[in-house]
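Peer 1: Following this message is one structure expressed as structure tokens.
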Amino acid sequence: MSLPEKAFPVSWDQFHRDARALSWRLSGANKGQWKAIVCITRGGLVPAAIIARELGIRVIETVCVASYHDYTSQGQLQVLKEITPALLADDGAGVLIIDDLTDTGKTAGIVRAMMPKAHFATVYAKPKGRPLVDTFVTEVSQDTWIYFPWDMGFTYQKPIADDHAG
């Protein structure tokens, strides 16, 4: 599979640094008193683990909203797993929602409607989804495809000189 013209491949090291940077930003929010993390699966699982460790949060819940069905474009949104009712009390006040990325904002909108008082944080944000997120680390253009490390494998890369031989 070739990368699109605007590709943003993220290594494990880079993602870990970015998730820790998000943790640092979140450490000052809500006076550091989070009741729980609700991570949006599957993309929110990895950053949620890092953030939970960094902020000392023990309660981690998931909500599953499927949108990328073929890894190339967003399909119809479907909630596959709901949030535990106890965390929905008080509209999610004191709860931290974590995802890897907000793209169009459709997934974020569904989860935000479930927990309007929760604090929504993503590692990466695109312009259409950015208004739904309270905290993020890096903004990328809407037409950039982010390749996360858990979606990639190691493959041989031709030397640049091979394409520029005179």
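Using the three backbone atoms N, Cα and C, a Cβ is placed for every residue, glycine included.
According to Swiss-Prot, the record shows the following:
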BINDING   Arg42, Gly43, Asp99, Asp100, Leu101, Thr102, Asp103, Thr104, Gly105, Lys106, Thr107  5-phospho-alpha-D-ribose 1-diphosphate binding site
BINDING   Asp100  Mg(2+) binding site
BINDING   Asp103, Ile146  guanine binding site
BINDING   Asp103, Ile146  xanthine binding site
BINDING   Asp103, Thr104, Gly105, Lys106, Thr107, Trp145, Ile146  GMP binding site
Peer 1: Over all shown protein chains, what is the count of other CB atoms within 10 A of the CB belonging to Leu101 (5-phospho-alpha-D-ribose 1-diphosphate binding site)?
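Peer 2: Its Cβ shell of radius 10 Å holds 23 other Cβ atoms.
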Peer 1: Please give the greatest C-alpha separation between any two of the 5-phospho-alpha-D-ribose 1-diphosphate-binding residues Arg42, Gly43, Asp99, Asp100, Leu101, Thr102, Asp103, Thr104, Gly105, Lys106, Thr107, in angstrom, as a whole number.
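Peer 2: If we measure all Cα pairs in Arg42, Gly43, Asp99, Asp100, Leu101, Thr102, Asp103, Thr104, Gly105, Lys106, Thr107, the largest is 17 Å.
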Peer 1: Who sits close to Arg42 (5-phospho-alpha-D-ribose 1-diphosphate binding site): which same-chain residues at least 6 apart have their Cβ under 8 Å from its Cβ?
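Peer 2: Spatial neighbours, sequence-distant, of Arg42 (5-phospho-alpha-D-ribose 1-diphosphate binding site): Cys64.
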Peer 1: Given the binding-site residues Asp99, Asp100, Asp103, and counting only Cβ atoms in the protein chains shown, which has the most within 10 Å of its Cβ?
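Peer 2: Selected residue: Asp99.
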Peer 1: So how many other Cβ atoms are close to Gly105 (5-phospho-alpha-D-ribose 1-diphosphate binding site), meaning within 10 Å of its Cβ?
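Peer 2: There are 18 such Cβ atoms around Gly105 (5-phospho-alpha-D-ribose 1-diphosphate binding site).
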Peer 1: Rounded to the nearest Å, what's the C-alpha distance separating Leu101 (5-phospho-alpha-D-ribose 1-diphosphate binding site) and Ile146 (guanine binding site)? Just drop the number here, would you?
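Peer 2: With the alpha carbons as reference points, the distance is 9 Å.
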Peer 1: Pick out which of the binding-site residues Thr104, Thr107 has the most other Cβ atoms within 10 Å of its own Cβ.
Peer 2: Thr107
Peer 1: What does DSSP say about Ile146 (guanine binding site): helix, strand or coil?
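Peer 2: The three-state answer is strand.
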Peer 1: Measure from the Cβ of Trp145 (GMP binding site) and count the other Cβ atoms within 10 Å, all protein chains considered.
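Peer 2: Neighbour count, Cβ to Cβ under the 10 Å cut-off: 15.
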